[in-house]
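Visitor: Below you will find the structure I want to go over with you.
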Amino acid sequence: MNGSKGRPLAGAPAGRTGGSDAAGLGRRRAAGFVAPAMLLIVAFLLFPALWTVYLGLTDYQLTGFAAANPQVVGLENYDRALGDDRFSNSLVLTLQFVLGSAVLGQAVLGFAIAWLMRNRVGALRRTVEALVLLAWILPSSVITFLWIALLDRDGGTLNALLNTPGTAWLLEYPMASIIVFNIWKGAAFSMMLYAAALGNVPPSHLETARLAGAGTFQQLRDVVFPRIKGHVLTNLLLISLWTFNDFTPFLLTAGGPENRTEIMPVFIYRIALESGELGFGAAISVLMLLINLVIALVYMRLLRQRKDASA
Amino acid sequence: MAAITMDRLTKVYPGGVRALDEIDLTVEDGEFFALLGPSGCGKTTLLRTIAGLEESSGGSLRIGDVDVTRTPPGSRDVAMVFQDYALFPHMTVAENVAYPLRIKKVARGKRTEKAAATAGELGLADYLERRPGQLSGGQQQRVALARAMACHPRVFLFDEPLSNLDARMRLEARTFLKRLQRELGVTTVFVTHDQAEALALADRIAVMESGRIRQLGTPSEVFRRPANTFVASFIGSTPMNLLDGVVRSRGIEVGGELLPTPPEPAGRLVDGEKVVYGIRPEYLVHSPTAVPGSLTGEVRVVENLGHAQLVTLEGPAGFVQLVVDEDTPVALGDRGFAVPRQDRALVYRDGELVTAGADPTGLTAGARATGAT
Amino acid sequence: MTPPPDHAAVPSASDAAPVAVATAPAGPPPSDTEHRRREAQRAAGREGARRTVAQIGFYTFVSLVLAFFSLPLLWLAVAPFDANPGLSASLPEFTLQNFQVLWDNPYAMRSLGNSVILAGGTGLLVVTFAALAAYALSRVRLPGRDMLLYVLLLLSSIVTGTAAMVPLFNLATELRLIDSQLGVILVLSGGLLPSAIFILKDFMDGTPRSYEESARVFGASPFQIMRDIVVPVVRPGLATIGVWSVAQVWGNFLIPFLLLRSPDQYPAAVVMYTFYTEGGQANLALISTFSLLYSVPVILMFLFVSSRYGFRFHGGIKR
């Protein structure tokens, strides 16, 4: 507790005057500073969200009569969605995609790498981390082509390596392909988050467990997990949110073959912008916004609890 | 150079906290003035109000002949040295010192020259091209001082000027600061929570508590004759013994012992009234044998102060502390006697000093006239 | 004479061996200490075996991870320099001829220019607007400030490009921002601003107010304080936000794909996609070199941020 004695006295005036306007900006000028950012956010974030709700209640079309003259049709779009096989198919695929690639794939692989590399320094760790990160930071349209090349039926590296010539992975196993692809693309975030979290587990706790004779699994269960629970939850929420909103699989399979990879973002795109049914697409978007809202609210609540706990 | 005059200066924060409660105070031209008090007493708010960083909610503030109550900070002709020095980390020492001149639109060549000269006066000539992060705490403080001096303000304001230095540097910096202020002769107000710092540096001290000044006076006045028990317990490196007593015809009875009534309050006390008898540990003389008119008790704690020892006696009057010569042997469990120096003993009634003369707080007009030099 | 340091530090096998040799044949009835010693030896043996298995497991896993992550990347490293690029990664017949193909393509270089315009424009807008807003929110207690920040953060995680593509498309149509780079810049800025404001406000909150107060006592105007003190002090934060926004826009596919119509407006992300989805034989010489050139800035930005500020921070805000 270095210098804790002087702290309260030194901190007191700062805390008391904390809200004051250090640069003498004044409220009007401050509001002026905030305004341009707010304008953009309201126009291109808040307004679209609200407008989606309205559009979802109309029969708005990209072209044709309803384009010029959209009618409010109430909940008809939602009614239609409930009876639509293609929509329920999309919902199931989305669930598979999020659970398989994010919750199971990215989180588990990311944790495994972070755990095994936690005490390592040097070239091995740097190489592994660099490769995992590279997959994450490269532009999505580049990595999708890399995977198209990797999985190609005739000239792909994977077939050459596995000695399975002629296997068209993207056509025969389309869902598995985009799941593995997304694990590859996104494991970096989980790896970094867990690496940071594991760095906060005091070594003495692990050593105490080891002295008591705990094996790796017991150490993980009894010492590590209780300390990084918050990180795990944060990680799962964020990667679920991002995976749920990920449009990249479209670049790989465009929803096909036969809608077998038509996860929700792709579904919306094809309905609204390829088929031109903007109203119906908007209704599905509202559902997506609601799901996002739920995840985000849980996440924000978690953040606030953590902040309170640390304060 | 200028005096600072505060007239019923008040600051109420949103939420109703009265940080300053009708402060009447004049800091004389050229004076080195301390605002002293525990944290939250309003001393920093007062300093910031003088600087213009806080806007007062009532009353007026004059610097020299000018009413600056509503003047923005930049136009008050004051310079402030912050507790953390607030040296701009991206500027060199020279640029930092020259910054006020840059704001005042002094030409580049002239301000570089001026900054170098000012920094040189403070022994910073070799560090002009360094960044604040590369300097020691003491050097940083001198850069902050140089920056404040560079534009020749009429008033210096220091917020806890020594608190960011380690103990050894602090003594050195204290002497330096006092000499510098004497040489420059600029009216200087500083804030501190350290009574020793205030006593050592200031020409006059205002002791504050919850937004009010509890006593105003020279260091020796404040030390010798604290106007109330708050100041008495706040001033002094070892707090004053404040013992409950009852006035009797031949003295003041404290813990069953009859102590002679000090000369000053004598004749102003009523038999049987309850008072507080105040005597500093430095003004109690130790005796191993019983002496009439002394406080007594068993030696409970002996703390070595280097040049002396602080002895705590527990007796009928409660705990009594006294400073004993380093050569005098004192052992735990011994019986000890503490004889008060008559001319240094004080008597408080309802927390206020009982005196023969004028208002001891130094806050009335008459007292202000005598306090001013 | 001092023993070599490793000898002193670790009791080596040779120290322990004579003891074991001396005691093993000596004790006919295994005493209690003897029993305990054997137990310890057995445990040590088990531990050794366990450790070997763990080592093998570790290196197997690491090899698999390395293979999994490097396999798709190999092609990007090899094909651009291969005289006859195929789809599988193979030892190249080294050439730089492919870059000539890239240079000659009318869309490739222009699309990189478009990406620079979009990323630069958005970066500038986001940094400027976010810095102004963050500063005001950090220093002045505007009514409803905390609520505002909360709602902003919530909004930015809910209203993603994918979830809002329909209204964004409509809005751009209504505002005549379809097929306009300005439209893409505005839409992307709107999406990035909340996080940028939030992070920059954190930066601003972390810088002492006394800097500004000190300048104010010297008579500096709010504008001078911004220019001389605040901007230089929070420059690392501004740089981070700038790089972050540029990286976000550089890789973004959906928004330009949605809002731009004419191929000569397309940024690299979209042109890359058209290169391999348009009919006919894919031009692998072109695709490979273009991929590489398009990826290099991202890698450079990543290296910059991670060397200056560590990657943890950047990692936390990547979307």
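We number each residue from 1, going along the chain as drawn.
Positions of Cβ are set from backbone N, Cα and C atoms, glycine also.
Automatic, uncurated: that is what TrEMBL annotation is.
Features from TrEMBL:
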REGION    C:1-46  region 'Disordered'
COMPBIAS  C:7-25  compositional bias 'Low complexity'
COMPBIAS  C:32-46  compositional bias 'Basic and acidic residues'
TRANSMEM  C:56-78  transmembrane segment
DOMAIN    C:112-305  domain 'ABC transmembrane type-1'
TRANSMEM  C:116-137  transmembrane segment
TRANSMEM  C:149-169  transmembrane segment
TRANSMEM  C:181-200  transmembrane segment
TRANSMEM  C:237-260  transmembrane segment
TRANSMEM  C:280-305  transmembrane segment
Visitor: Counting a contact as 3 or more Cβ pairs under 8 Å, with residues at least 6 apart in sequence, do the transmembrane segment (C:280-305) and the transmembrane segment (C:56-78) touch?
Guide: yes
Visitor: Please indicate, using numbers and ranges, the residues of the same chain that are 6 or more beyond the transmembrane segment (C:237-260) and have a C-beta under 8 Å from a C-beta there.
Guide: 115, 118-120, 122-123, 126-127, 130-131, 161-162, 165, 168-169, 172, 177-181, 183-184, 187-188, 192, 196, 199-200, 203-204, 231, 266-270, 273, 297-298, 301-302, 304-305, 308-309, 313-314, 317-319
Visitor: Which residues of the same chain, at least 6 past either end of the transmembrane segment (C:149-169), have a Cβ under 8 Å from a Cβ in it?
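Guide: Tertiary neighbours of the transmembrane segment (C:149-169) are 137, 178, 187, 191, 193-195, 197-198, 201, 252, 254-255, 258-259.
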Visitor: Within the compositional bias 'Basic and acidic residues' (C:32-46), how many residues are helix, strand or coil going by DSSP?
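Guide: Per DSSP, the residues of the compositional bias 'Basic and acidic residues' (C:32-46) fall into 15 helix, 0 strand, 0 coil.
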